[in-house]
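If you look up Swiss-Prot, you'll see K34, Y254 marked as active site, proton acceptor, on the strength of sequence analysis. Per Swiss-Prot, the feature N6-(pyridoxal phosphate)lysine maps to K34; the stated evidence is sequence analysis. Annotated substrate binding site per Swiss-Prot: R129, M302, in sequence order, evidence recorded as sequence analysis.
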Amino acid sequence: MTAAAAQIDMSALAHNLQKIKQQAPNSKLLAVVKANGYGHGLLNIAKGAHGVDAFGVARIEEALQLRAGGIVKQVLLLEGFYSAGDLPILVANNIQTAVHCKEQLEALENADLEGPVVVWLKVDSGMHRLGIRPEEYQEYVDRLHACKNVAQPLRYMSHFGCADELDNPTTNEQIETFMSLTDGCQGERSLAASAGLLAWPDSQLDWVRPGIIMYGVSPFSEKTAQDLGYLPTMTLTSHLIAVREVKAGESVGYGAMWTSERDTKIGVIAIGYGDGYPIAAPNGTPVLVNGRKVPVAGRVSMDMLTVDLGPDAEDNVGDEAILWGRDLPAEEVAEHIGTIAYELVTKLTSRVQMQYIP
């Protein structure tokens, strides 16, 4: 019996990708697999993501891992390259790059490369994190068109800051800014990530960039992915390693953060913050044991957490516990903890065993 394990349901991944295609039927899919495939395993997710057209990563190391693993589809560095020394690596491995600043532009202009690089010009349409400002757009376009190290035609992209907030006018403003700048351009364009492709159909351009929704987790606070017809790809599990009787008035765990108000049974589960389960999980955070939700009771330890099974519990050592995923959405757990499901799935540590289910 293993302790903590992340069961990765590859049929759920296939279902989610098919649903994305149905929602953006006229767009190519750039599947975002950064941060170790959102914690699901970079290479296994890439190999199982049948029917996508390209992959997006954040770091050049992630791109090289894809190439070393036999992935031949297009790969894009969403943040672009970090130094001029990266450029020969991009050429040698057929890796595409975003360009969002003058340092990257000048590095491309000054490089002596063996071939051109596919460039996505990243426009700051209103998020103000990365990208060239609208007033700089034409200068960048002209210089990139003139650069021998840049494959033509250029491609164009931007990123939303508030697409998960359906009442926020910023997203429509960003769409208008990006479309007005790039209208008439020869190259392909991309604007929508997960929230965009789900809620803002006008942002479904030549490419969409599904990230979190591909893994069956919602980008929206008010709806789970299952509410939207998507399936959780990850189910995080462990097992009960002890069932103990606790009397009313007795406290459990470090700092005595939880005190029982009744005689009850406590279940000890073999998972903790050393596995990536958040230490911040407060009393009451739900865990699924034998099909019912039971609350976390006491501070999460490095290797264990404790739950209140109830006075009449018939659970036994060895019974499975589900921390999130199947029948317990990660979004629900994240809300209790005061974080987002993105953080839950991406912070699992290496001692969590990855189990891939066809």
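Glycine is treated like the rest: Cβ placed from N, Cα and C.
Remember, it's a predicted structure, so these values are computed and weren't measured experimentally.
Locations of recorded Swiss-Prot features on the structure.
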residue: K34; record: active site, proton acceptor; CB count, 10 Å: 19
residue: R129; record: substrate binding site; CB count, 10 Å: 10
residue: Y254; record: active site, proton acceptor; CB count, 10 Å: 12
residue: M302; record: substrate binding site; CB count, 10 Å: 12
Minimum Cα separation from Y254 (active site, proton acceptor), reported as the residue among recorded positions K34, R129, M302 that achieves it: M302
Spatial separation of K34 (active site, proton acceptor) from M302 (substrate binding site) - C-alpha basis, Å: 26
Between K34 (active site, proton acceptor) and R129 (substrate binding site), the C-alpha gap once rounded to whole angstrom: 18
R129 (substrate binding site) - helix vs strand vs coil (DSSP): coil
Secondary-structure category, per DSSP, in which M302 (substrate binding site) falls: coil
Y254 (active site, proton acceptor) in three-state DSSP notation: helix
